[in-house]
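Asks: Handing you this structure, nothing more for now.
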Amino acid sequence: MMAVAAATRIAVVVVAALAALAPGARGLRRDDFPVGFLFGAATSAYQVGWSIMGCSHGGWVWSLPFLVDPGRISDRRNGDVADDHYHRYTEDVEILHNLGVNSYRFSISWARILPSRFGGVNSAGIAFYNRLIDALLQKGIQPFVTLNHFDIPQELEIRYGGWLGAGIREEFGYYSDVCFKAFGDRVRFWTTFNEPNLITKFQFMLGAYPPNRCSPPFGSCNSGDSRREPYTAAHNILLSHAAAVHNYKTNYQAKQGGSIGIVVAMKWYEPLTNSTEDVRAARRALAFEVDWYGFACYLPFL
């Protein structure tokens, strides 16, 4: 039902937008949208300021490369402060309110909640997200919470090789359960992973994102295997997603009344020619980039 509702609302937006472009159109108004339509904004944890505050140990996989080699960014900046959301979240919530949005999608920093392995829940991290969620709700803004947006604790990268190691699946299960318990009484919309297809592509095939793993001809990295590792990472991510969804639906959904899903970055491929080879290549690319994650099962022709 969620997929159908989302598709319907997207269709409404597209139709309304096209109508607004027609000659003599008066433009879009809020009352052109159905009651209950959610207008929103979105961020991710690292992009708005990781901040050492609220983290008692370690760090995450995105912070280390810029500490070890700050020159990889031309002006030597990193995301440790960014717009300092950790300290200025009340201002950000007020800005959202003034914009008139009624939903806000943000990601939780895994490293802020569980900076070390099992059992080490960071109370300061829990407290920060409680404050943020409560501030949003007080302004009539529905929180949409993403559990993982490209980042993992650095310790798990060292211990398991990040998403390349099967052990990280249990770690994600524990982390997601902590979040359901801590925030689920107020959060109605959960996302396990943001764009897992981009995680595998840019972290393990092209090596553009930390941990920067790749191999020729896809890129020139210090380590990695672009022909194998994206599949291994995707396998572990999808099993982690499935376990978290099962746990939520089994143990939390009836009481908390929320829903849970995954966000996939959509794109489309067209064959260069009508040849069988090109048609199959386009189909494989679409299956690898989208279908595999949307259907959450391995497609044999990959």
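From the backbone N, Cα and C atoms, a Cβ is placed for every residue, glycine too.
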Asks: Starting from the beta-D-glucoside binding annotation in Swiss-Prot that includes Gln47, Asn194, Glu195, which of His97, His149, His241 is the extra site residue?
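Replies: That beta-D-glucoside site, as Swiss-Prot gives it, pairs Gln47, Asn194, Glu195 with His149.
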Asks: Let me make sure I understand the structure: which of the recorded positions listed (Gln47, Asn194, Cys214, Asn274) has the fewest other Cβ atoms within 10 A of its Cβ?
Replies: Asn274
Asks: Check the Cα-Cα distances from Glu195 (active site, proton donor) to the recorded positions Gln47, His149, Cys214, Cys221, Asn274 and tell me which is shortest.
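Replies: So, spelling it out, the nearest of the recorded positions is His149.
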